Amino acid sequence: MAASELYTKYARVWIPDSEEVWRSAELTKDYKQGDTVLHLQLEDGTDLEHKLDPKTKNLPHLRNPDILVGENDLTALSYLHEPAVLHNLKVRFIDSKLIYTYCGIVLVAINPYETLPIYGTDIINAYSGQNMGDMDPHIFAVAEEAYKQMARDERNQSIIVSGESGAGKTVSAKYAMRYFATVSGSASEANVEEKVLASNPIMEAIGNAKTTRNDNSSRFGKYIEIGFDKKYHIIGANMRTYLLEKSRVVFQADEERNYHVFYQLCASSHVPEFKALKLGSADVFHYTKQGRNPVIDGVDDAKEMSTTRNAFTLLGINESYQMGLFQVLAAILHLGNVDVKDRDADSSIIPPNNSHLMVFCELMGVAYQDMSHWLCHKKLKTAAETYIKPIPKLQAINARDALAKHIYAKLFNWIVDHVNKALHSTVKQHSFIGVLDIYGFETFEINSFEQFCINYANEKLQQQFNMHVFKLEQEEYMKEQIPWTLIDFYDNQPCINLIEAKMGVLDLLDEECKMPKGSDDSWAQKLYNTHLKTCSLFEKPRMSNKAFIIQHFADKVEYQCEGFLEKNKDTVNEEQIHVLKASKFDLLVELFRDEEKATSPTGVAPATGGRTRLSVKPDKGKPDKSSKEHKKTVGLQFRNSLQLLMETLNATTPHYVRCIKPNDYKYAFTFDPKRAVQQLRACGVLETIRISAAGFPSRWTYQEFFSRYRVLMKQKDVLPDKKMTCKNVLEKLVQDPDKYQFGKTKIFFRAGQVAYLEKLRADKLRAACIRIQKTIRCWLARKKYLRMKHAAITIQRYVRGYQARCLATFLRRTRAATIIQKYQRMYVARSSYRRKQAAALAMQCILRAFMARQLYRALLREHKAIIIQKMVRGWLARQWYKRSLAAVVYLQCCMRRMRAKRELKKLKIEARSVEHYKKLNIGMENKIMQLQRKIDDQNKDNRSLTERLSGLEVTHAAESERLRRELSRLRCAEEDAKNSNNRVITLQEELERLRAELQNTQKEKKAIEEWAQKYQDEMEQMISELKDQNNLLKNEKNDLNRLIQEQGQQWTEKMQRALKEETAQLETDLNEERSRYQNLLSEHLRLEEKYDDLKEEISLTVNVPKPGHRRTDSTHSSNESEYTYNSEFAESEEGSRGVEDVTKASLDMALFLKLQKRVTELEQEKQGLQNELDRREEQFQRARARDDEEHKKARSAELEYESLKRQELESENKKLKHNLNEMRQSLMSNAGAVSAAPGSPAYKVLLDQLNSSNEELEVRKEEVLILRSQLVSQKEAMQHKETMTEPLHYVEDVQKLGDAKEISQAYMGLKDTNRSPRFLRRPLEVNELVNRLRSPLPDMRKMNEDGELWLVYEGLKETNRLLESQLQAQRRSHESELEALRGELQSVKEENNRQQQLLAQNLQLPPEARIEASLQHEITRLTNENLVNPTEDPKAYRISVLRRMIDLMEQLEKQDKTVRKLKKQLKVFAKKINDLEGGQIENVSPGQMADEPIRPVSIPRREKDFQGMLEYKKEDELKLVKNLILELKPRGVAVNLIPGLPAYILFMCLRHADYINDDQKVRSLLTSTINSIKKILKKRGDDFETVSFWLANTCRFLHCLKQYSGDEQFMKYNSPKQNEHCLSNFDLAEYRQVLSDLAIQIYQQLIKCMENILQPMIVSGMLEHETIQGVSGVKPTGLRKRTSSIADEGTYTLDSIIRQLNSFHSIMCQHGTDPELIKQVVKQQFYIVGAVTLNNLLLRKDMCSWSKGMQIRYNVSQLEEWLRDKNLMVCGAKETLEPLIQAAQLLQVKKKTDEDAEAICSMCNALTTAQIVKVLNLYTPVNAFEERVSVTFIRTIQNRLRDRKESPQLLLDTKIIYPVTFPFNPSSLALETIQIPGSLNLAFLTRV
């Protein structure tokens, strides 16, 4: 159809716009041929008339359908033009947050100015190995494509990264190199990939700077070649640099910075090693402060300096060279601060002692005078003379800056050279991938020489790009064999010729530089004269004579001629260079030395070989031209290096990355259309689009076209041949045959045809939708009408019935109301009469009672008043009397006092006179004597009077008592009289009072009746209110009860939930611990395999082994020293070989050695006991000093007893030695050939010794028990005197008891016995036995031929003694633990009784109080527990108590079990010794009892019943392992034999070794089995059937070791017969752990093998394949074709996955794998399926659609159906698919409103926030009926999920392996019923 026919009403077009570049509009009227105006409506509703160009009549660009917008590849767009490209990039960048987009072969990368989580290792692993079109666009996809093509095509590759400053070129190149380093790794141990990445911070420090457009802008171009070897591992790298911006060293514009390294140095000036540089802040130096903004936000320059130094160190540049570099850089900064002043108009001078120049000269090692002189002078040479001329200030400053630039350029080149040397490899390079990070097209307001060179380089790159794109298009057409014509594309060769051809811009510039008086103006005039009229691409500005314009491929650029010559010359004063060359600073001299004389910073000369480094610097191989190096212009150097670059790029396969800067303000995810379209035009993306659009840009395979446009075909059009069907349909749909072409496998369409077909498809689907909607709406309307009709009839029926019922009810109510009124009125009248009658009676009663009470109260009141008056009057009289009496007494006292005072005064006066004293003293002695006699007389009288007085008192007392009784009687009579009188008066008063009260009562009665009535009314009202309040309280009570019950229930649920959470947490911790342990095992296995590989490589290098060296198998694991006891195994093999070589006499000698060893052990035991008793004696002596005398006596008695026992032990020991000596003498004296025969003297002596040893054993038992009791009593006596740490010392002392192991075990319990196999003996015994067997001894070969009797007896003695000691220790520990358990049980019983009592009390309470009492009790209980509990968490405390009780019970169980086991072994040993002794005695004939020698007779054993054991010889062990493990075919065993047969056979052989008590055989068999399984798994580890087979057998072998171990927890599942087959001698608990670890390793290998098989199927079967055909339509995919989703012969489908799962399951079932283990394998399988599918979904935009969500949910339902068929729904596999299920649901749910957002947040709990947002961003409509997810909705989701605490990782880790467990699975198969088939070649095994 014609293009104009598409411009119909509602068609959408793009029109130019000054602000947005292009705006979308919609036609409001059909366009007709010849119209000059288009009637449009903008998106904001504005109507617009768009005028067409009258000359060209070009219509505006059509807009693509919405379903094509946002495509990964711009070439998939139907309309390929500038607005479509711009809009597609904008939608992906703004709406979907996707920064990468394909444009044919170009990757367009938009700088997000934000850190995105899309560059992690998980993303690298996801892109590794994928085709470029299978995943969303990414820099990793380009890197993977380059890496893959390098390996596949054996051709070098290049990745060309271009773009303007700030577009992200350096970051993109950095990520590409990181991808190569991660995917390929290095081929050596030198970590080359780390060195390659370490070069980035160095180059950024010295070559990057802050500009107005970018904070980290690369101011040079670089091309990095990453070298690979034949295995495509990184071996090295090489870097080339282009056009360093040297002018930035001396000048920076506003808001810009110098190179980063200068600021890093200034920020690190405080570092001690930088003190000598005399640096300061960056604001101090002229070269760093010109931009006036020396700080970059978010960048720590000091930290960056540390990073730079670490990178230097990693690259091998030593510390001294680093300091030298920083010294040169600091000198440049100081040079910039050198102040130059005018001397006159033509000369200048540097002031003397300039501080900065002095520092510069000091750092550079040059003379101050020379440098200051040549900074202000220059040398002019003529043919005859040389002149030194001063220069003015401006030229001096320019010379200073030129010197600084020259030094920095030299330093830059030196660093690049040495970085290349550090990255250089001696290994031959096989191929390389080059990464070109070069500046893009630049145009500024002022463009100079740098921009000219940059744009020149971009012209060359654009030409190469155009040719490559055209070449690919041509190859595609030729491949499909379609006719094609030459595509016209822009060729920029004329522009390149203008620049680089003869008499071009560069040529004229070099010529002008050679002229003595050349200038920028004269060069401009030459340009005008040469090119202005001859070249259309060259123009002259109208208003300038010092500028020119060149029409580049991207845009016109105006260049200012000023500074071109100076920058092209790049001149520097030669005398200044000479001064620097004469420096004492070695590094500075090296900078200006020829390249071949430079040394390496690491002190090693650069190695030869490898690739030749290409550099921008000219060839210095010719010494005769080295002096003219500086005369080569910069333009010529750049042109030559650019030519070398283009040759390199043309020799490689290029890959293009175009970086776009979205805005100039560095805003995150902000898109400026003007800037974007400017860069798209400049970087060649639009040219790629134009070339594609000129041909057939849209390409479909026939199958894809058929699937997409099947709806446009009728049934009759569909033919078996899809190609013919597509041809027929296209001929009908598209009339113009030029619009499409049919290729071999594809259909090619012109631009716009796909949009036309999409329009036809959308119209067809819309018409079908309308018809479906019409039919459904009709059906819905009819259903609604029928429902409404039926409802109306029903309503009418019910309404009429209701009205009739209402009338009948009204009539009944009227009649009833009349009757009620009659009875009601009668009731009211009767009630009124009764109320009045009752009220009258009540009033009368109340009134009369009131009057009586009033009269009574009056009488009572009068009587009381009289009594009060009487009492008051009496009281007043008494008071008056008392006051009068007191006054009289007071007056008397006063008078007597006055008289006494007078008398006293008179006596004082008399006493003062001398005469008075004399009178008084006259006759004083006589008076005294008289008074003495008088006193004596008076005393006598007094005594007599006292006696008389006593008698009078007695008489008076009797008389007084009589009078008192008489007085009391009279008083009583008087009181009775008074009372009688008073009673009469009182009764009279009472009568009067009662009369008054009666009157008052009558008055009050009436008031009381009124008050009663009022009170009754109030009471009734109060009662009603109380009833209401009571009801309210009852309701509140019920609510509270209900609330309490709910709270109780909530608390219960909370506790249960907390318990569940804690249980889940414990399970999680357990799984994490298991996972950590199993990861360690897998890492151990990996290291083990690596060790084995290294051993194999070493063994291959050594061809001739040493003589006698027996090489072990390389598959022996490195951990055999931990578990498999290799050293002991080797010793046992050596011992066995020695035993075969010696004679029977050596066997009998072993008996002698055993006896001697036993004597030694007894001596050691005795010595140890004696030492212990001596030590205890000293302790108790110290304790006796603190005890009383009785304790001293008791201790002395004990010590005496112990001393006595020691003496007895010594005597017994001497006796034993004496017996031993007798036996030795007997053996030595009878050393004849037949001396050791049964019945011989030696044999009798041996039997006597045996009997005496038995007796001695019994005695020793008693002694040991006595000593043990003594030690225990000593311990108890010392416990109350020692501190808390002393019991620990006691335990240590017990452990030190002698060297005898039995005593230590007796006191320490079964700690060592339960932990290690009991059959392990000291290696010293084996060595001693071997040495003594090989020593020359007398011939005793006839004595006790097999030596079995003494060995068994010796073992019996040791076992008895060990058992006794262990039983005693266990009994004590058992009793103590039992007491503790009893105490805990008693406390539990008390708690139980208390709980029952409280429960009984609570049951008696009402329901309301019962809940409160229960709550109170619970609170009290918790409080008590918290008070008792020392920890803060009561729940943890209870759990710890329960765990402790469980541990105690387990320990008790284990000890009981051990006791039973030891008793059982004791019985077995006793039975064996009895059988042997009986057999020996019975088989001795009378003749043999004589002295004559008789040869020993072999006595045949009686056949026993089969006991489920297999016997084999030691030499047949290798054959057993070979036939049963190494050469066994799993398929035959799984099909024909019982599952787990190899495991049963191995265990039966192990049982026999245990039965015969051969520890070496047990150890050897287990070691060989484990190593052989490892060997077969290493050999055939990729075979799922083999790995599964040995996983099942390893688990079965492990279960057999548990089932027949004799442990109670395993024996309870056995039958009685199986319990008889338990192992009797050895405890193989440690070997069970070894086998468990081996099973874990096999399980992990099984998972890896399974993953390798499933991995290629998952994406194709779960995502790409359309299980439901026709649901998801195929969209155009552009140039980057994806894997077809249509089921071809070579593609995987969901059925393929299910078939593979069935295969896995059937194989494991056939091998007899445990059901629980199968569940774990299936869970891991489903996790891999779900994780891989979800990861690919998150990285593929085309898969995020509604239809794909339906496909995924259907596929998941098929997997769930498979689980149901296999009865595996409870294995946890379904839960592993939950993230995938939720992602599929997220694709299908509605995504518009806030309710939808809430539903999504609650639904997607298994997805992280990053995954949810990623899916919503990637959601893409496949059909026109779907809608995109709005940005607002995505932000709503992010806000709702902001509080989630989860990992920010986007992808699931597909390498996770769930921790595996091996639950015990006993076998019901009886061992005695197992038959060994002949096909296993195990005929050497004998049934026992």
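A Cβ is built for glycine as well, from the same backbone N, Cα and C atoms used for every other residue.
All protein chains considered, the CB of SER165 (ATP binding site) has 20 other CB atoms within 10 Å. Residues annotated as ATP binding site in TrEMBL: GLY163, GLU164, SER165, GLY166, ALA167, GLY168, LYS169, THR170.
Annotation comment: TrEMBL describes 897-1097 (among others) as coiled coil.
The coiled coil annotation in TrEMBL covers 1353-1398 (among others).
The feature coiled coil is assigned by TrEMBL to 1445-1472 (among others).
Look at TrEMBL and you will find 616-627 tagged as compositional bias 'Basic and acidic residues'.
Look at TrEMBL and you will find 1117-1128 tagged as compositional bias 'Low complexity'.
Annotated domain 'Myosin N-terminal SH3-like' per TrEMBL: 8-60, in sequence order.
The domain 'Myosin motor' feature in TrEMBL is assigned to 69-762.
Sequence annotations record features per position, and here TrEMBL assigns domain 'Dilute' to 1567-1843.
What TrEMBL records for 599-632 (among others) is region 'Disordered'.
Counting residues per DSSP class in helix, strand and coil order gives 9 helix, 8 strand, 6 coil for the region 'Actin-binding' (642-664). The feature region 'Actin-binding' is assigned by TrEMBL to 642-664.
If you look up TrEMBL, you'll see 1104-1137 (among others) marked as region 'Disordered'.
The region 'Disordered' annotation in TrEMBL covers 1165-1197 (among others).
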Which of ALA167, THR170, all binding-site residues, has a Cβ with the fewest other Cβ atoms inside 10 Å: THR170
Under 8 Å by Cβ from GLY163 (ATP binding site), same chain, sequence gap 6 or more: ALA109, LYS169, GLY440, ARG658, CYS659, ILE660, LYS661, GLN679, CYS683
Site with most surrounding Cβ atoms, counting all protein chains shown within 10 Å, from the binding-site residues GLY166, GLY168: GLY168
Average pLDDT across the coiled coil (897-1097), rounded to a whole number: 82
Cβ-Cβ neighbours of LYS169 (ATP binding site) (radius 10 Å): 27
Shell list (ATP; ref centroid = CB of GLY163, GLU164, SER165, GLY166, ALA167, GLY168, LYS169, THR170; cutoff 8 A): ASN111, ASN214, SER217, SER218, GLY440, CYS659, LYS661
Surrounding CB atoms that lie within 10 Å of the CB of GLU164 (ATP binding site), all protein chains: 23
Secondary structure tally of the domain 'Myosin N-terminal SH3-like' (8-60) (DSSP, helix then strand then coil): 0 helix, 24 strand, 29 coil
